[in-house]
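Novice: Relevant sequence annotations retrieved from TrEMBL are reproduced here:
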DOMAIN    52-90  domain 'Alpha-D-phosphohexomutase alpha/beta/alpha'
BINDING   Ser64, Asp276, Asp278, Asp280  Mg(2+) binding site
ACT_SITE  Ser64  active site, phosphoserine intermediate
DOMAIN    106-166  domain 'Alpha-D-phosphohexomutase alpha/beta/alpha'
DOMAIN    208-283  domain 'Phosphoacetylglucosamine mutase AMG1'
DOMAIN    297-434  domain 'Phosphoacetylglucosamine mutase AMG1'
BINDING   Glu370, Ala371, Asn372, Arg496, Pro497, Ser498, Gly499, Thr500, Arg505  substrate binding site
DOMAIN    472-523  domain 'Alpha-D-phosphohexomutase C-terminal'
Amino acid sequence: MDLEAVCKRSALHAKPRGLILQYGTAGFRTNAQHLDHIMFRMGLLAVLRSKQTRSTIGVMVTASHNPEEDNGVKLVDPLGEMLAPSWEEHATCLASAEEQDVPQVLAAIVEKEAVDLTQTAFIVIARDTRPSSEKLSQSVIDGVTVLGGQFHDYGLLTTPQLHYMVYCRNSGGRYGQATVEGYCQKLSKAFVDLTNQVSCSGDVKRSVKVDCANGIGALKLREMEHYFSRGLSVLLFNDGTEGRLNHLCGADFVKSQQKPPQGMEMKSGERCCSFDGDADRIVYYYCDADGHFHLIDGDKIATLISSFLKELLLEIGESLNLGVVQTAYANGSSTRYLEEVMKVPVYCTKTGVKHLHHKAQEFDIGVYFEANGHGTALFSEAVEVKIKRLAQELDDGKGKAARMLASIIDLFNQAAGDAISDMLVIEAILALKGLTVQQWDAIYVDLPNRQLKVKVADRRVISTTDAERQAVTPPGLQEAINDLVKKYTLARAFVRPSGTEDIVRVYAEANSQESADRLAYEVSLLVFQLAGGIGERPQPTF
């Protein structure tokens with residue numbers, strides 16, 4: 001490791017003095033003009049991680065659902081997963097080091113992780129469509145090359161596509177071919193095989209409107225559309241030809257604002273969905289005959305998918321360990337439906353897709369989605385092998401069910417969530433079950449809920465346990481929340497500190513919107529009073 005060369009190159013990507021950023025669930029994210037040094041240093045770190053794991057490592061330049069002027073970066077581990085927690089700490093330490101300390105930090109990582117510097121390193125890089133992404137990708141490449149790493153720049157990809165490329169390269173081709181064409185062919189073949197099972201009496205030509213958030217998803221859907229065009233017509237909106245990335249559109253906007261994106265006309269009963277800027281989230285929605293907007297978020301997506309998987313397993317006669325993983329933000333109606341009606345076990349983790357992903361890996365088949373539409377289904381390697389063997393060996397109804405399940409396994413890009421993959425799975429299941437979007441939505445009725453946030457002097461005053469559903473500190477807060485919840489029917493509420501700013505997030509749900517709003521307001525007042533609220537006191541929203 002030529003530390004002198006690193007110092008010289010690092011000086012060309014100098015860190016603004018005193019700037020501290022933390023590697024979170026989604027990597028680093030901030031205004032693009034503050035990221036040059038971060039990108040260079042993540043190139044360095046990717047090389048060390050590649051040498052340590054003796055695997056290809058991915059670097060994705062994106063800020064997902066953030067505004068266009070932001071950007072970010074995250075590293076992808078060998079199996080297409082998010083970076084290991086211990087290396088997240090190295091990323092934060094390296095990114096925050098003052099210029100003169102970079103060599104020592106690198107040397108400390110090498111020593112602590114027993115990195116064999118004689119190993120070769122190979123890095124794959126991709127970026128989203130932000131104006132700043134190309135230049136920032138070059139900064140990553142500078143970091144890779146100064147440490148002697150080799151690289152392949154894929155250029156424009158969705159985040160899940162880069163996860164796919166990393167996994168393909170590290171599985172010796174077993175998972176698929178590490179090209180855009182390989183990705184398109186794998187997903188579209190599985191989709192076509194699955195939808196070929198739809199009875200002829202069903203809707204032969206289905207269509208869905210897709211809001212692409214003016215992001216990379218539009219480019220990539222256009223590249224693969226012809227592969228499955230006979231079974232599904234995809235109508236693209238907010239495709240990047242005009243309008244700003246994630247501005248008044250995209251999955252995050254639709255979920256948080258509970259209304260359609262700008263630039264999309266919706267007729268009654270039409271199936272519509274939105275991606276986010278890097279196409280790793282998806283939410284569905286429609287308008288009813290009275291013009292009312294209905295959102296179908298990650299909870300109902302997880303319910304549709306897990307219910308269908310259970311039906312197939314029952315048909316095959318296999319008692320595999322199927323589990324659904326949610327966060328505290330999952331609507332209580334979804335949890336009750338899964339546990340009491342579908343008899344599918346549900347587990348709760350801390351917020352952040354990496355926590356759901358790790359829990360889902362404990363099952364033969366683990367389905368996880370955050371309410372924001374970020375999620376997927378994971379299948380253990382043993383299950384994949386077993387199902388594909390049964391698909392070849394069995395005939396009659398069991399064989400058909402096994403082949404359908406095998407296609408679903410191939411459809412899921414087992415990254416941390418893929419909007420394109422998820423959309424194809426959803427469209428196939430709806431076609432196979434003959435469900436309209438309204439019938440899907442009617443599986444259960446969401447409990448009314450409200451999310452608020454309270455500014456505090458120091459968010460660390462709040463600590464939680466039980467997957468963030470119970471506050472441990474400050475003393476007396478949880479007991480007071482419990483007393484408020486008892487006043488309402490089918491109610492629950494929790495508070496958790498933000499991971500990035502000094503605010504506390506409040507969630508409440510109850511059997512009516514007025515009750516949910518009142519409970520959220522009352523809990524917000526408690527947080528303001530007991531956890532050092534600053535600025536204006538919370539105001540009622542009802």
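The backbone N, Cα and C atoms fix where each Cβ goes, and this holds for glycine too.
Where the annotation comes from TrEMBL, it is an automatic prediction and has not been curated.
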Novice: Using Cβ atoms only, which residues of the same chain lie under 8 Å from Ser64 (Mg(2+) binding site) while being at least 6 residues apart in sequence?
Specialist: Ala26, Arg29, Gly72, Thr159, Asp276, Gly277, Asp278, Asp280, Arg281
Novice: Report the DSSP secondary-structure composition of the domain 'Alpha-D-phosphohexomutase alpha/beta/alpha' (106-166) as helix, strand and coil residue counts.
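Specialist: Per-class counts: 29 helix, 13 strand, 19 coil.
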Novice: What is the set of residues, excluding Ser64, Asp276, Asp278, Asp280, whose C-beta falls within 8 angstroms of the centroid of the C-beta atoms at the Mg(2+) site?
Specialist: Thr62, His65, Asp128, Thr158, Thr159, Gly215, Ala251, Phe275, Gly277, Ala279, Arg281, His374, Ala419
Novice: For Pro497 (substrate binding site), which residues of its chain lie six or more apart in sequence with Cβ-Cβ distance below 8 Å?
Specialist: Arg459, Arg460, Val461, Ile462, Ser463, Thr464, Ile503, Val504, Arg505
Novice: Between 106-166, 297-434, 472-523, who has the most Cβ pairs under 8 Å to the domain 'Phosphoacetylglucosamine mutase AMG1' (208-283)?
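Specialist: Comparing 106-166, 297-434, 472-523: 297-434 has the most Cβ pairs near the domain 'Phosphoacetylglucosamine mutase AMG1' (208-283).
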Novice: Mind giving me a neighbour count for Asp278 (Mg(2+) binding site)? Other Cβ atoms within 10 Å of its Cβ, every protein chain shown.
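Specialist: The answer is 34.
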Novice: For the domain 'Phosphoacetylglucosamine mutase AMG1' (208-283), give the DSSP counts of helix residues, strand residues and coil residues.
Specialist: 20 helix, 17 strand, 39 coil
Novice: Give the mean pLDDT for the domain 'Alpha-D-phosphohexomutase alpha/beta/alpha' (106-166) on the 0 to 100 scale.
Specialist: 97
Novice: On the DSSP side of things, how many residues of the domain 'Alpha-D-phosphohexomutase C-terminal' (472-523) fall into helix, strand and coil, could you say?
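Specialist: For that range the per-state counts are 20 helix, 15 strand, 17 coil.
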